[in-house]
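What Swiss-Prot says about this protein:
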type: COMPBIAS; residues: 1-12; note: compositional bias 'Low complexity'
type: REGION; residues: 1-36; note: region 'Disordered'
type: MOD_RES; residues: K6; note: N6-acetyllysine
type: MOD_RES; residues: K12; note: N6-acetyllysine
type: MOD_RES; residues: K16; note: N6-lactoyllysine
type: MOD_RES; residues: K17; note: N6-acetyllysine
type: MOD_RES; residues: K21; note: N6-crotonyllysine
type: MOD_RES; residues: K21; note: N6-acetyllysine
type: MOD_RES; residues: K35; note: N6-(2-hydroxyisobutyryl)lysine
type: MOD_RES; residues: K35; note: N6-crotonyllysine
type: CROSSLNK; residues: K35; note: ubiquitin cross-link
type: MOD_RES; residues: K44; note: N6-lactoyllysine
type: MOD_RES; residues: K44; note: N6-(2-hydroxyisobutyryl)lysine
type: MOD_RES; residues: K86; note: N6-acetyllysine
type: CARBOHYD; residues: S113; note: O-linked glycosylation site
type: MOD_RES; residues: K121; note: N6-lactoyllysine
type: CROSSLNK; residues: K121; note: ubiquitin cross-link
Amino acid sequence: MPEPAKSAPAPKKGSKKAVTKAQKIDGKKRKRSRKESYSVYVYKVLKQVHPDTGISSKAMGIMNSFVNDIFERIAGEASRLAHYNKRSTITSREIQTAVRLLLPGELAKHAVSEGTKAVTKYTSAK
């Protein structure tokens, strides 16, 4: 009777970095699939704001889900705006308008100013 294949140990939940180790299953090497997440960036921002504070893997999962959700909402709204204006390209203007439509009051103002600052920094570095 053949033994059931043993699953490989699960990767640590903290920071979901890319794993390049190969697993051996039935004598064949198989690479682990890469899990993309924003955990590295969330951690960097946390350390900028509160250097002495940590974050649990569950909280990191929630933050990752939140960033993905906001990204999809902004991208969807920007896509709709480009379509309404018969444009085939989403520019920073569509993103800015989408942010103004999606985020409430003061939060939208701060997001727009931070976004403008980031775009300026990026274009000046080119």
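Cβ atoms here come from the backbone N, Cα and C positions, even for glycine.
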K44 (N6-lactoyllysine) and S113 (O-linked glycosylation site), Cα-Cα, nearest whole angstrom: 20
When distances run from the Cα of K35 (N6-(2-hydroxyisobutyryl)lysine) to each of the modified residues K44, K86, K121, the nearest one: K44
DSSP three-state assignment (helix, strand or coil) for K35 (N6-(2-hydroxyisobutyryl)lysine): coil
DSSP three-state assignment (helix, strand or coil) for K86 (N6-acetyllysine): coil
Cα distance (Å, whole number) from K44 (N6-lactoyllysine) to K121 (N6-lactoyllysine): 18
